[in-house]
Amino acid sequence: MQWALAVLLAFLSPASQKSSNLEGRTKSVIRQTGSSAEITCDLAEGSTGYIHWYLHQEGKAPQRLLYYDSYTSSVVLESGISPGKYDTYGSTRKNLRMILRNLIENDSGVYYCATWDG
């Protein structure tokens, strides 16, 4: 059984935060259940701080999955997120990749990345 993960990289900026611009691209990914998918967040030159990944599914509020702390090079998962399901790597100050493992149909949705200094 195949299904699509719709991936949209968009810039999200809370009004109270100093924000950085993101270069976004829209990408649809189709993978089989049980496989993995990788999506890339393209960052504006000189982006630092925290890079957040969100999942938005139809009829639900966006859910933050994790964030990458570029100051300590660490990944912080949101409460309730299974370790090993998501991971990030490749922060080169130009992009950050997130891998989704052991895909299930419920992983389908729109994924967003956002960055700001905190």
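Heads up, the Cβ atoms here are built off N, Cα and C, so glycines get one too.
Annotated disulfide bond per Swiss-Prot: Cys41-Cys113, in sequence order, evidence recorded as sequence analysis. Around the Cβ of Cys41 (disulfide bond), the number of neighbouring Cβ atoms within 10 Å comes to 28.
Residues or ranges marked as domain 'Ig-like' by Swiss-Prot on the basis of sequence analysis: 18-118. Taking DSSP states H, G and I as helix and E and B as strand, the domain 'Ig-like' (18-118) has 3 helix, 55 strand, 43 coil.
What Swiss-Prot records for Asn106 is N-linked glycosylation site, and it gives sequence analysis as the kind of evidence.
Among the features that Swiss-Prot reports, signal peptide is placed at 1-17, with the record citing sequence analysis.
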Spatial separation of Asn106 (N-linked glycosylation site) from Cys113 (disulfide bond) - C-alpha basis, Å: 19
